[in-house]
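Asker: The compositional bias 'Basic and acidic residues' feature in Swiss-Prot is assigned to 17-27. Sequence annotations record features per position, and here Swiss-Prot assigns compositional bias 'Polar residues' to 29-39. Residues or ranges marked as domain 'EF-hand 1' in Swiss-Prot (evidence: sequence analysis): 51-86. Here Swiss-Prot flags 124-159 as domain 'EF-hand 3'. Residues annotated as domain 'EF-hand 4' in Swiss-Prot, with sequence analysis given as evidence: 160-195. The region 'Disordered' annotation in Swiss-Prot covers 1-43.
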Amino acid sequence: MAAEHLLPGPPPSLADFRLEAGGKGTERGSGSSKPTGSSRGPRMAKFLSQDQINEYKECFSLYDKQQRGKIKATDLMVAMRCLGASPTPGEVQRHLQTHGIDGNGELDFSTFLTIMHMQIKQEDPKKEILLAMLMVDKEKKGYVMASDLRSKLTSLGEKLTHKEVDDLFREADIEPNGKVKYDEFIHKITLPGRDY
């Protein structure tokens, strides 16, 4: 698996996310919710499934207390976490700034969809792991020593405990002092879990 396949491409256009859960787009501007048709549906499908959109709309509606099609910026982090994202306060602030929304502002559903898409895309576990491994593998050999990877996983970003790293290595069949090949490691730890 080549590294370039895991790195994100250009971000989607905001127009790609102007889609309500029912499949109809809305016209943005001065609070208008005038339908624009479903011509954007196929473009949206390449980013989010209809099931995801419906799930996001349901969560968004829980925080849209006035039922005006908007949620408070202060509710954004909680709404994102309810949907399985793990944004930091700094990431939430950057998302809001990107869309010109201050901490006391509001955001509509299409903006929420865009933010969720960008957050989920940036949280791609394969990408995160690859970037961590590339930091360790300065000579670009295609592998890192398990001890070096352990050091990075326990000291950077969302730090793992030594027990969590042990569990991760055990799951991926990695010896504590062995070599860790990118492709094999990423493949093993990102396989979907089995339902028993």
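Glycine too: its Cβ is placed from the backbone N, Cα and C atoms.
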Asker: How do the residues of the domain 'EF-hand 3' (124-159) split into helix, strand and coil according to DSSP?
Answerer: 22 helix, 3 strand, 11 coil
Asker: Check the domain 'EF-hand 3' (124-159) for me and report the mean pLDDT.
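Answerer: On average, pLDDT over the domain 'EF-hand 3' (124-159) sits at 79.
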